[in-house]
Amino acid sequence: MKKIEKTLDEWRSMLDPEQYQVCRLKGTERPFSGKYNSERRDGIYHCICCGLPLFDAQTKFDAGCGWPSFYAPIEDSAMIEIRDTSHGMIRTEVTCARCDAHLGHVFPDGPPPTGLRYCINSVCIDLRPRD
């Protein structure tokens, strides 16, 4: 996969302030505030920064945590996992494999079949209809 690389100024000009803060500066949207937290429509969730398909809506579930949650990415190669020790915690950050956008974190407390919970900020993704 060919990487997309831009300067922070280029990203800032493309994204709204909240998208920039979360996707490029590794921020977090407030729980229960994102537009996709309760979303039930079918489709594919894409990276807001580069359009890479990330999650199938059929893998979305209600974790009750305040952020959209998925039990699997559309492909393992769609994201990169990075050890995150910020805020006094040990977590696994997930970023877009194509543009390095911060998406959220993955936790080992999800449902079958994977047992994983990809906890993703709504501002980082865009739900599109299936082709």
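Each residue, glycine too, has its Cβ placed from N, Cα and C.
Features of the protein shown, as given by Swiss-Prot:
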type	residues	note
ACT_SITE	Cys119	active site, nucleophile
BINDING	Cys47, Cys50, Cys96, Cys99	Zn(2+) binding site
DOMAIN	8-130	domain 'MsrB'
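This view paints the features noted in Swiss-Prot onto the structure.
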{"residue": "Cys47", "record": "Zn(2+) binding site", "Cβ neighbours (10 Å)": "25"}
{"residue": "Cys50", "record": "Zn(2+) binding site", "Cβ neighbours (10 Å)": "17"}
{"residue": "Cys96", "record": "Zn(2+) binding site", "Cβ neighbours (10 Å)": "25"}
{"residue": "Cys99", "record": "Zn(2+) binding site", "Cβ neighbours (10 Å)": "19"}
{"residue": "Cys119", "record": "active site, nucleophile", "Cβ neighbours (10 Å)": "23"}
Neighbours of Cys47, Cys50, Cys96, Cys99 excl. site residues, C-beta within 8 Å of centre, Zn(2+): Ile4, Ile48, Cys49, Gly51, Leu52, Ala97, Arg98, Asp100, Ala101
Cα distance (Å, whole number) from Cys119 (active site, nucleophile) to Cys96 (Zn(2+) binding site): 14
Helix, strand and coil residues within the domain 'MsrB' (8-130) as assigned by DSSP: 27 helix, 38 strand, 58 coil
Distance from Cys119 (active site, nucleophile) back to Cys50 (Zn(2+) binding site), taken between C-alpha atoms, in Å: 19
Euclidean distance between Cα atoms of Cys47 (Zn(2+) binding site) and Cys119 (active site, nucleophile), Å: 14
